[in-house]
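I have placed the structure first, in the form of structure tokens, so that the comments after it can refer back to it.
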Amino acid sequence: MDSSNRVSFIGIVDFTENARWVFATASCYDLLGYEPHELIGTPSLDLVHPDEFPQVKKMHYDTIRQDKAAVLAYLRMKHKDPYKGYILCAISRTVVHNILVGSVSFATPGPKAMHNASTAQEVTIITPTATNFQFRRWNDPSPMPPSPIPDTAPPPPEDSDSESESESDDTERESTPDRSVSRRKETPVIHFDPLPKQSMRVALILDRFSMSCPVIYISNDSLIATTSAMGRSFFDFVSKKDEELVRSWIDVIKSWGVNERGQPSDGGFGFGKFTCCTEGRDSSLRSNDAPTSRHRQGPRERDRVHLGITSSPLSGRPSSNSNSGRSRGGRNRGGSDPNGEEIVVDAIFSAHSDGLMVILRRAT
């Protein structure tokens, strides 16, 4: 593939067994040759390579049932142009209440791929030739410790001939040179009804090309009313005392989301915690004592920015040293916003060719 197509697009699929597209941004044309309207309503699994279909379908089920967030997989997806065949892609996924939100990007080895894998909470290799994208952490026997499979997983289809298999057949299978192919053939194709809703998270897509980062998509009303958020600056929903910190995080995420040609692309995950104004405020009215430039922060504030956006790889949980939103007696130290409730939220930030994605949930 030409390096000019090394972009990423944001995609959202539903909880049905075929993972139907419900949203896709414009860069899906640059990557896979489809216009967004050609994908909406169609099964996303129709684009998966036939050899990988059973594994990807099972991964789709496990991702939802285990309520995963900020996870990454490498698999092949079909280009609309048959002469381009199947393209190795990096697929990010986060469960957001009743949808699966993520991105699709062209997978190419190098420092950028290593960075993306190092910030993900889990890395799954589906395509056997993509093993060079594996990221191993110290003391881990595998790229990531396996997540527990819930008891509600559908049972695999029964094999009527399993009891009659001879020991010689077992020995022959164990001596198969290509064990990845053997495992792939043995993976059953599961079937399931649409899965129930999961954690109450909300996904926002922001315009990455504007300083105010206006909201161009919001998935539900669990934290912020969709009618209130659309078209408004994302910073309207960030408390005044945390605004400079969150702006610095977004600057970092934007700098990560650039490919080797300097084009907007994907750039891994960043994690943070801040106080959200659920009803919004007017962030265009910056206080006189606020720093006029984020480059004039002191050393202690820069440390907060750096530490607030890193993840804890061994625990698989985001870490944040920011005290933003810590309250005493249920009140925020920065005071209550007159325009609505202020709540502390956990956030996952990621950059893509068509925008920035922010996943929010009430902090635990």
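Cβ coordinates come from backbone N, Cα and C, glycine included.
The compositional bias 'Pro residues' feature in TrEMBL is assigned to 142-157.
The compositional bias 'Acidic residues' feature in TrEMBL is assigned to 158-172.
For 173-188, the entry in TrEMBL reads compositional bias 'Basic and acidic residues'.
Marked as compositional bias 'Low complexity' by TrEMBL: 311-326.
Across the domain 'PAS' (12-67), mean pLDDT in this model comes to 94. The domain 'PAS' annotation in TrEMBL covers 12-67.
What TrEMBL lists as region 'Disordered' is 135-190 (among others).
Residues or ranges marked as region 'Disordered' in TrEMBL: 280-340 (among others).
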Take the domain 'PAS' (12-67) and count its residues per DSSP category (helix H/G/I, strand E/B, coil), listing them in that order. 29 helix, 9 strand, 18 coil
